[in-house]
């Protein structure tokens, strides 16, 4: 009897404009030569993120599936994750050797979380342009995600945000939970996220 190993499912959430899709593009391009990947994106009325990732060449088009949630995007990743679970299952059946599936949420507030049925690991993305106060506002995305990404560090001087203050507040809110600054334009911080996914997700084990 062959036991089919299920792919690791990593949920990527965060507010609109924080850089979720840019992070996914960077992760896919950096990890696709090592691991068998696929992506599920969520948008309310369109499949815009699916299109962006496909046109960017993040993965082959058939490995990127867009889900139109048709309503509150939080519901589709938490209370009723059936559409996303179906997309994950379809990708797993289509590509029998999948090792990692990213599930991108459709733009969240700070209280959004992924259903444990849908995501084995969760990454939450915020950005410096939202203001240095964001980490101290808390919410499950800030405090409970498995890895917190603070993106767009290059914008700090332009928006009057102190990275030192953000670091202090993040450490206070998250304790020992891992997190990192990123500038996806330059690739700063990307390898830390990849290492986290590979180690905590026990890829290849």
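Note: Cβ is positioned from N, Cα and C throughout, glycine not excepted.
These figures come from a predicted structure and were not determined experimentally.
Per Swiss-Prot, the features are as follows:
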BINDING   14, 15, 16, 17, 18, 19, 20, 21  GTP binding site
Most crowded position, judged by CB atoms within 10 A, among 14, 15, 17, 19 as binding-site residues:
14
Among the binding-site residues 18, 21, which residue has its Cβ surrounded by the fewest other Cβ atoms within 10 Å?
21
To which of the binding-site residues 16, 20 does the lowest count of other Cβ atoms within 10 Å belong?
16
Using an 8 Å cut-off from the Cβ centroid of 14, 15, 16, 17, 18, 19, 20, 21, can you name the remaining same-chain residues around the GTP site, in sequence order?
107, 125, 127, 151
